[in-house]
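Structure record follows, encoded as structure tokens.
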Amino acid sequence: MISGLFIFNLKGDTLICKTFRHDLKKSVTEIFRVAILTNTDYRHPIVSIGSSTYIYTKHEDLYVVAITKGNPNVMIVLEFLESLIQDLTHYFGKLNENTVKDNVSFIFELLDEMIDYGIIQTTEPDALARSVSITAVKKKGNALSLKRSHSSQLAHTTSSEIPGSVPWRRAGIKYRKNSIYIDIVERMNLLISSTGNVLRSDVSGVVKMRAMLSGMPECQFGLNDKLDFKLKQSESKSKSNNSRNPSSVNGGFVILEDCQFHQCVRLPEFENEHRITFIPPDGEVELMSYRSHENINIPFRIVPIVEQLSKQKIIYRISIRADYPHKLSSSLNFRIPVPTNVVKANPRVNRGKAGYEPSENIINWKIPRFLGETELIFYAEVELSNTTNQQIWAKPPISLDFNILMFTSSGLHVQYLRVSEPSNSKYKSIKWVRYSTRAGTCEIRI
């Protein structure tokens, strides 16, 4: 149970003080300021002082703090604090000290709906929006304003809609054109050796949805037939991320880990049929998140050659080949490190632009459009000054940033997307599915 919730600014001033139970002393805010904010030893999100546990997170110029007694499930409380921050950001557009000060009444009423006697009730924005009588208006210039909902309309909405089985979607939504967008966005972390071998690779992905659909529609989309969620330990040890033909491992299975879903997703259908079925929330939402370490499609084959011909000259030769289909393209940005005592750098490339940036000791190579199944070559001669006290160059890795549209490194893809409305047999909608893979931390050793 949460005994109290507080929002402080960076100085420790109390902006919001909301108690849900009668087991807190008045000194709890002062204890947080003195014992935690001013004490560098307390830099953990969970701190126990006496019989109280302080669970807090920092956002912009705010500290959002929950205080509990006894032995609570702190992970649930931390998740609630993150949901509270997301909800307030959703309502205000931006959450900071000024927006909190201008929306105190709204925040108090919102907390009354979210927590009842210390027990978390809901964090769903649509359900909360229908149950509070004060509506926060997003920023217009530098000012925020509040509008009060009509009380009779609110009472009708609260009694008729909130107790339903779909708290994340209100009834009576109407659009002139029904449309739904599914985006699968992946970030790849990659480490490549100086010989071009993949030392480590992993993918974190999210399935995002933007729904502008009338009524109470049923949506479903199917994922890969060859979809798996875990490997046996003996199998996992025998596999390697270094494979240059990921589809040959495990018969081309897409292997996902740590899958998490929005509450609207019906999990039994996903587990049994690899089908995501749901009644969508209105607007944008993250339907699913996942990670993958196996059977990853590495989009590029990169071989770096860095040779020091003498104390005054280094030769760079980097070849990169796109291993995705020819109809796709990507944008790339290489940050190639050079020693600090560079006198002159002459990069030559067959695509894009490359230039020496002395302030960062790098050569920046930007390729706006790199077609699949093609190869690019980077070549540079770097002249160094002859200094006797120069330290040995540590050879930091090359960093790579990229973005590939209509490509997923995990291999995850949508086979079909269907939208129907039980009360309307002629229901029509526009459906889009998009994919993208972006660089996380991608490094190439030299």
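Cβ atoms here come from the backbone N, Cα and C positions, even for glycine.
Candidates Ser145, Ser330, Ser420 were compared with Swiss-Prot; the annotation phosphoserine appears at Ser145. Per Swiss-Prot, the annotated phosphoserine among residues Ser151, Ser159, Ser385 corresponds to Ser151. Of the listed residues (Ser152, Ser234, Ser247, Ser423), Swiss-Prot tags Ser152 with phosphoserine; the rest carry no such note in the record, though that does not show they lack it.
Residues Thr99, Thr157, Thr277 are shown; Swiss-Prot lists phosphothreonine for one of them, Thr157. In the predicted model, residues of the domain 'MHD' (177-445) average a pLDDT of 88.
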